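Listed in TrEMBL:
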- 1-39: region 'Disordered' (REGION)
- 1-11: compositional bias 'Acidic residues' (COMPBIAS)
- 12-23: compositional bias 'Basic and acidic residues' (COMPBIAS)
- 23-187: domain 'DUF8186' (DOMAIN)
- 25-39: compositional bias 'Polar residues' (COMPBIAS)
- 169-247: region 'Disordered' (REGION)
- 176-233: compositional bias 'Low complexity' (COMPBIAS)
- 268-411: domain 'DUF8186' (DOMAIN)
- 421-511: domain 'DUF8186' (DOMAIN)
- 520-542: transmembrane segment (TRANSMEM)
Amino acid sequence: MTDIPFEEPPEAAERWNRGDHTELPATNHTTSIRPAETPTTDGVFIADAYTAIFAVQPSTRLWRSQTDQPLYVDGAGDVLGTVDYRVRLPADDATGSQQVDWTLLAHQIEEVRLRIDDRVVDRSDGTHTPVLRFGELAGSPGETHTLTLEATISVELSKRVTQYEKQCNLTETEQPTNSSTETANTTATARPNGTTTAAPSTTETPTVTGTPPITATPSPTPANNTTATATPTESANCRTTSTTTVTSPVERLTVEESVTVTEYAPKAAGAYTQYPDGTQAVAITGTQPWRSYSTGTSETLGTWRFYTARETRWDELVSHSRGTVSSQPSPLQPLQVYAYPSRVGPTTEATGRITTVDGQQFDPPDLPVSIDVDLVSGPYTESETVVMTGSFPRSDTVIVDGLVQGTSVTVPRESLTETVVHPSTLTLTLLQTTPETVTAQIELTDAQTGTPIQTTKRDGAVLLQGRSIETDEAGMATVTIPRPVGALSARYEPAAWWRTEQGFLPSSDTVYIRGTTIPIVATVFNLGVPVGTFLFAVFLIARATGWDIWPLWGRR
């Protein structure tokens, strides 16, 4: 784990995970080892079985807000996992005239599969540390998917049941029973909640009660023997016989773990303009959160910075072995890449400067207490669009890098939308004033061409004392509002130039309100007090010094 912020998702996290993944301690059929807080599943003969997702890579967990924290994955990547289990071999038992002996014949992880939603996209032979690959998520950027790591485990046992029977008072004509052999096999499949039934093809059917059930199906290969054998007589008219039945129950159990991911593929569009004063500007807008964009040799960073941290459920491994549970520090520690809104905000290496950051506003998330990075302290604006002014040669392409390691998209210079930006002129005229109201006329025009600007057919509006006013096709609006104190102000706030074909610069106008007794008196008072104070001071100086400063009080 590190508290050092990165400007890009570190590739080292993937190398670390590939190396650490192989450090899972080896176990045998008597022991299962798992990361803490990972649930396990029990069958009849299979116990403490699980599968766990160790890492999905490349991926980045975005801390956008307290409730919005998607795990972004590229369209292609790897899922690293672990699988383990132990075999619960029933104890041998001798009760009365019956002897039951159990033997483990075979156990294995038959197959591991990777599903995206309901599609199996990769599979591998049994291994405790599978690595499965997905080539495409088959959706659109921003869609969520469920990645499921699924493993099938099987165990085959031998159950040998010997039944002894003592026979007495035999006649001389009774002979020992001839030996006979019959065969049967039982295959079982685990299902949740029920009983486990082994069904051989002979008439004898051993039954085991447990959870989950095993539904038996005949096997084509022989695995059961029933033998009746006469033993030496204990006296002239007694003998003991034994009947042995061998069955081979097979249990299969499927375990899985899932994680929700969001498909990530950076897409971007751009716009270019030249302001009336000759200044150039470029605006880059991403459809998903993006890391940076580059033009030539300069790079502009957005809102996000990165850090890596371990997945804490892997801090400790828990072992289950024949009814005992123990724990140990984990030798394998997966790392996850995280993106967070940085207090530094968007920055640029270019000679120009960032003039606008546009996007949705969010409240910052609460990071884990162990993480100490430069997280924003209050509401912030996500850098969906970053506008930068400067010099941009026409030959330069724009490269937009994504939040997931290795993701980027190129925006050719010729694909940038070129927008014309003109200055605007707003004129505010008072038509009528009363003690309670004021009526004003607003005129909005293109300062370069004189064409009226109609705000009802384009984004943007005129704000008059905080009220939004729309101009008509003549660029005019007449409005009556409650009379403000002192002055009346209006400002034209045009739409963002990168969202329009014809952009405008803001403009404003202010007029002072006169025409009633109270404002006139107030004006006279405001002007008279400082002037009167000054003249009185001059008078005092003249009287004290005898200077002939001013004819009104000079000596005659």
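Every residue, even glycine, has its Cβ placed from backbone N, Cα and C.
Any TrEMBL annotation is an automated prediction that lacks curation.
Owing to the predicted nature of the structure, the values given are computational and were not obtained by experimental measurement.
Using a Cβ-Cβ cut-off under 8 Å and counting only residues 6 or more beyond its ends in the same chain, the compositional bias 'Polar residues' (25-39) has close neighbours at 47-50, 52, 82, 84-87, 104, 107, 128, 257, 313-322, 327, 330-331.
The DSSP breakdown of the compositional bias 'Basic and acidic residues' (12-23), given as helix, strand and coil counts, is 12 helix, 0 strand, 0 coil. Non-local neighbours of the compositional bias 'Basic and acidic residues' (12-23) in the same chain are 54-55, 57-58, 80, 82, 129, 131, 308, 331-337, 405; each lies 6+ residues outside the stretch with a CB under 8 Å from one of its CB atoms. When DSSP labels each residue, the domain 'DUF8186' (421-511) comes out as 6 helix, 54 strand, 31 coil, counted as helix, strand and coil in that order.
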